């Protein structure tokens, strides 16, 4: 009876984990689908079938954005959850929250990032490049054919690289993940300092004095008038468009079921698109200034002080942690990583009354470090010149631009389990949870050593040069 009961409990535990993981991914997928819809470029007046044509790549990008978001959120959330699990799991109604559930979420998430990066996102891109006048199934067939061809070429390239570098014993996905981590590590050496500066610059935009409050209210009036003028121009050109479309219907021509419009109609389309982009930008600035103008002086001052203190503490904590990790490796001080169960025992609560102890400080510092690193890396990537052009804007982002942004998020999310422990931002062994990588990069000791030096020195120098050295020189 006992073995039967144990097998039954294990079965229901697996079913419960599957349901919870499915609900988590489904909820995140719906949110990602709505977010992409908010950023997606609208052509309602130009193409009636635009929404149906963009549905397939939008769904594929939503899946990719789901895995990328979960990859970003899992590491800091796992640090907090493992701290509270010993107390939470003792509750009869919450005993399903355990390390096994976190392990399942991690494995599905990290495997999904690789699957989306090398499967779903390329398929979405090839779908957008297919013939516009084919049906959905025809476009899917063409996109899938091109995807298979590119996949075969990629497989051959990886196979050749394995032979050149003597890595025949390594799986293909492991080698692809090495390339991802190497690319992110190289880019982050430049992106993280820029991201740190971007965070400090954002803090400085929080207004302090009443003069800026008055200027914001004054500018709101100008923007409101500009918006009215732009809407009047749109109505004027739409009336012209309807007139020319009516004239075109008198002399309509068909060629492969396509209606040919004259150059005047096309020029009106172009003007309308430009006006809509200008209206979108004006409304965005109007909303930002309106939110700023509504803040009271006390709220703005407190927000500024708190933001400055948090940003400075996070930056100092990040530099000190990376430097400590560097010196530990330099002086052969053990920096052992722990599995989920080991980390839960090491840093977890024993009882709820002991919530305020040194473990909370350590867990909180790891959470702040990981969140700060992710924010600095993402913000810094969008400050780089090649990537700055694809920065998304609400309601004015093309589908190809959305695909590029989701690809960037997936690349960063796929590299986080390797890069975060290298910098010493957490003691949690994330690679043990990753199904398509190993410890080869960590075993090449000179790579983490050089990476820590570059991150610590560049992040320190750019801030000190901006706020201290430049003032001393003047």
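Yeah, the Cβs are placed from backbone N, Cα and C, and that goes for glycine too.
Where the annotation comes from TrEMBL, it is an automatic prediction and has not been curated.
Note that the structure is predicted; figures quoted are calculated from it, not measured.
Below 8 angstroms of C-beta separation, residues 58-59, 61-63, 65-66, 69-70, 96, 101, 104-105, 108, 402 of the same chain, each at least six residues beyond the ends of the transmembrane segment (19-37), sit close to that stretch. Annotated transmembrane segment per TrEMBL: 19-37 (among others), in sequence order.
Residues annotated as transmembrane segment in TrEMBL: 58-85 (among others). Long-range contacts of the transmembrane segment (58-85) within the same chain, counting only residues at least 6 positions beyond its ends with a Cβ under 8 Å from a Cβ of the stretch, are 24-25, 28-29, 31-33, 35-37, 40, 97-99, 102, 105-106, 109-110, 112-113, 115-117, 120-121, 123-124, 127, 340, 343-344, 347-349, 359-360, 363, 366-367, 370-371, 374, 399, 402-403, 406-407, 409-410, 412-414, 416-417, 420, 426, 428, 430.
Here TrEMBL flags 105-128 (among others) as transmembrane segment. Sequence-distant contacts of the transmembrane segment (105-128) (same chain, at least 6 residues past either end, Cβ-Cβ under 8 Å): 21, 24-25, 56-57, 60-61, 63-64, 66-68, 70-71, 74, 78, 139-140, 142-144, 146-147, 150-151, 154, 173, 176-177, 180, 399-400, 403, 406-407, 410-411, 413-414, 417, 430, 433-436.
Per TrEMBL, transmembrane segment is recorded for 140-161 (among others). Same-chain residues lying 6 or more positions outside the transmembrane segment (140-161) and placing a CB less than 8 Å from one of its CB atoms are 56, 118-119, 122-123, 126-127, 129-131, 134, 167, 172, 175-176.
Annotation comment: TrEMBL describes 173-192 (among others) as transmembrane segment. Distant neighbours of the transmembrane segment (173-192): 114, 117-118, 158, 161-162, 167, 373, 376-377, 380-381, 383-384, 411-412, 414-415, 418-419, 434, 436-438, 440-441, 447, 451, 454-455, 458-459; these residues of the same chain sit at least 6 beyond its ends, with a Cβ under 8 Å from one of its Cβ atoms.
Residues or ranges marked as transmembrane segment by TrEMBL: 302-327 (among others).
Counting only same-chain residues 6+ beyond the ends of the transmembrane segment (364-382), those with a CB under 8 A from a CB of the stretch are 72, 75-76, 79-80, 187-188, 190-196, 198-199, 313-315, 317-318, 321, 388, 391, 408-409, 412, 416, 420, 423, 425-427. The transmembrane segment annotation in TrEMBL covers 364-382 (among others).
Sequence annotations record features per position, and here TrEMBL assigns transmembrane segment to 402-425 (among others).
Feature annotation from TrEMBL assigns transmembrane segment to 445-464 (among others).
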Exercise. Which bits of the chain, at least 6 residues beyond where the transmembrane segment (402-425) starts or stops, bring a Cβ under 8 A of a Cβ in it?
Worked result: 36, 39-40, 57-58, 61, 64-65, 67-69, 71-72, 75, 110, 113-114, 116-117, 121, 124-125, 128, 177, 180-181, 183-185, 188, 318, 321-322, 324-325, 328, 335, 337, 366, 369-370, 373-374, 377-378, 381, 387, 390, 392, 431, 433-434, 437, 441-442, 448, 451-452, 455
